[in-house]
Amino acid sequence: MNGHINQSQLTNPTQKNIKNSQNRSSLSEQFVQEIVLAPSCPYLEDLHPYIKPIPVHETLLGNSKISQKLAAQVQEALTDLKPILLQGPPGSGKTFIAGFIHAHSAIQKGLFIEFNLSNLLQNRAESLKLDILWIIEHLNQHLGRGTVLFDNVHLLPEADQVRLLEAITSEQVSPSIRFVLASAKPLSAGKFNIHQIKLFCLAQRKKDLVEFADYFLKKYCQERGRSLLSLSQAGLRRLMSYNYSENLGELEIILKRAVIMTQKEQTVIPEQVLWSVQSPKNTFRIDLLNQIPILRRFFLSQWWVQPFWLLMMAVFIPVVILGLVGPQERENSLTLNLFWAWWWPFYLLLFPLVGRLWCSVCPFMITGEWLRKISWRLFHYRLKPWPKKWLNRWGAWLLWAGFVLIYLWEKLWNLPHRAYLSAWLLLIITAGAVGFSLIYERRLWCRYLCPIGGMNGMFAKLSVLELRSIEHICGNLCSAKSCQKANGAVPASFPEAFANEGQASQGCPVYSIPAQLQDNRDCVLCMSCLKTCPNRSVQLNLRFPAVDLWENNQGFWAEAALLLLLLGGVLMHHSRVFLGWFGWGDLPLDSEHLLLALPSVLGLLSLPAIAIYLTHRLSVWIDPEMPDFLTVVYAYLPLTLVANLVYYIPTIIQESGQFLPVMARSFGFSGVGLPSLVFSTDVSNFLVGIVLLTFVPFSVFPLLKITQRPWSKNIPHLVLMLGFLGLFWQLMLN
């Protein structure tokens, strides 16, 4: 077995404590006299503790390029008896490779002896001068033929390393004895005529991990006389994602323990047995697809997502038409009621729960997808690839500019109270989705240019859900890559697989690679990767909210500008109350006074950005080690979401419950007698206060995690956050 090591090498406590330079010299005279020159007979009895079993019936495992190269180097070493230098990290299998070479060499009937220098140096009483040549000489006299392995040679001083290399390559060495040196660190052996074989850590050989795991499971199941165990796909994900500091030796111990802990009647190792084996990326996360199997079945089925598209379009099309031709007053317009009292507030509420899920059922995108299919069937033209370089640089800024225009349109033309303008806003965004869908492949508009999509991606970082996949499974065990490109069905072959896993796919619609996702910004939870994955690598994790802000946040200026714009939008929505505090409550902010209203609205939108920037300058003056502005500004993202959400609480309380009467009036009926539900403003004010206070820790905690600075160093930002909360509360109450 390629890479198998003696378990004692991993668990020996003395090996971990060798740090003093006084212990890093050659073997002592005392050792030579007691072991090599012992007068007792026979000589083999003195070497007995150092004789190792020979892996006669083992084979080299692994099909990766690294394993193939290793096999070629081993094969070359078998052509002669030149000394060998094995260089590799602890647990990478140096002892096994030395034994394997011995077992298949011309001296295979001789002994295989290992001297572990870490034990010998640790056990000696004091640092004594020694002559390595003594050992070489007496092994030449008494061993006859065989292989001698000196392990942990890197612990010797450099001068003694050179002496050892000179000794084993000298002409005095018996032609029937091969010397092998094993080192965890590179040695200066370039000028010596030896074979040099480098062994890699297990993290670089994940492609071979399944084969190694099967070997160890078979070995320990046979030892315990039980039926052969196998790994579930969830267990394999844990093993593939784990970082093995002790490499194959650690993998062996993990699987040996798993065999011991698995009940006799079981044939698959439960995931719970491998609870300690997980990637740091999965810390404090629960894979809902494993914990709730029916959820996986639902997302794999035809119920997700096409039926929801039909339902969404059945609502979207009539709402837009009613906005254009129906009643225009807010109290009589179904379009305005659904848009501003239902969709927008509940849409904001979805972000901390399910992230960017709305984008999977967005009517703008659905319209673009359907019209593209019709156009392609009629004209059979080739869609263009994305200009990614240009989009990565400028796309987010165009998105930000689009949101600025939406805010100006909303405020200056009183969008929430004009049904036809709200309908035209929906049509304009739909036109963007349709236009780019007809020109470019997949969903370029959704990822780079849609103002609503940009806000979705930013707020999705606050979600308690994340979709990820195991990078090592995708990179080492998957050749289909169906989540990235169009591909036919590749049915899953593991035992617990469902029949509909590994479906045909057109690739991720927004060109995201699940294994490379760092945050939630570019994942729309369409589950196409889950449907097409033949290795069950995809996870839907329940996690701590807003964790993207301090773990993997990939901040950029255009997104930070959008964050600050949305925070300024709260002041814009309450402009009359806010400006009234300064005696400007009667300032006209409408399209009829554009020259005065436009700079006033832009000023309101800019105020939070100015306040946060000045506060950060003060923080940097107090603490020069404070992170830069682009990093810290994301701590205000939870505050931005809650401030926009509470703005719509009065609308929810007072208007959403009037859906049935409003719908009746939209179609020309009176609506009298239809049930409605309306609460008082006291209820609204109470909910506003509760929501604002609840989100205080969700603003403060990210700030402390992002800055990694003490409370006292964050006082300016903490004061500003509390000031914003107080400001928004007063705006809502008034």
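Positions of Cβ are set from backbone N, Cα and C atoms, glycine also.
Because the structure is a prediction, the values reported are computed rather than measured.
TrEMBL has this to say about the protein:
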| type | residues | note |
| --- | --- | --- |
| DOMAIN | 60-260 | domain 'Sigma-54 factor interaction' |
| DOMAIN | 513-543 | domain '4Fe-4S ferredoxin-type' |
| REGION | 1-23 | region 'Disordered' |
| TRANSMEM | 303-326 | transmembrane segment |
| TRANSMEM | 346-371 | transmembrane segment |
| TRANSMEM | 391-409 | transmembrane segment |
| TRANSMEM | 421-440 | transmembrane segment |
| TRANSMEM | 556-574 | transmembrane segment |
| TRANSMEM | 594-614 | transmembrane segment |
| TRANSMEM | 626-649 | transmembrane segment |
| TRANSMEM | 683-703 | transmembrane segment |
| TRANSMEM | 715-732 | transmembrane segment |
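Packing against the transmembrane segment (346-371) from elsewhere in the chain are residues 305, 308-309, 312-313, 316, 426, 429-430, 432-434, 436-438, 443, 445-446, 450, 452-453, 456-457, 459-460, 462-466, 520-521, 523-527, 545, 641, 644-645, 648, 652: each is 6 or more residues past its ends and has a CB under 8 Å from a CB in it. Long-range Cβ contacts of the transmembrane segment (303-326) within its own chain (Cβ-Cβ under 8 Å, at least 6 residues beyond either end) map to 333-336, 338-339, 360-363, 366-367, 419-420, 422-424, 426-427, 526-527, 666. Each residue in the domain '4Fe-4S ferredoxin-type' (513-543) gets a DSSP state, and the totals come to 8 helix, 5 strand, 18 coil. Residues 316, 319-324, 335-336, 339-340, 363-365, 367-369, 371-372, 375, 383-386, 406, 409, 413-415, 446, 449-452 of the same chain lie 6 or more positions beyond the ends of the transmembrane segment (421-440) yet place their CB under 8 Å from a CB of it.
Distant neighbours of the transmembrane segment (594-614): 404, 407-408, 411-412, 561, 564-565, 567-572, 575, 578-579, 587-588, 629, 633, 636, 720, 724; these residues of the same chain sit at least 6 beyond its ends, with a Cβ under 8 Å from one of its Cβ atoms.
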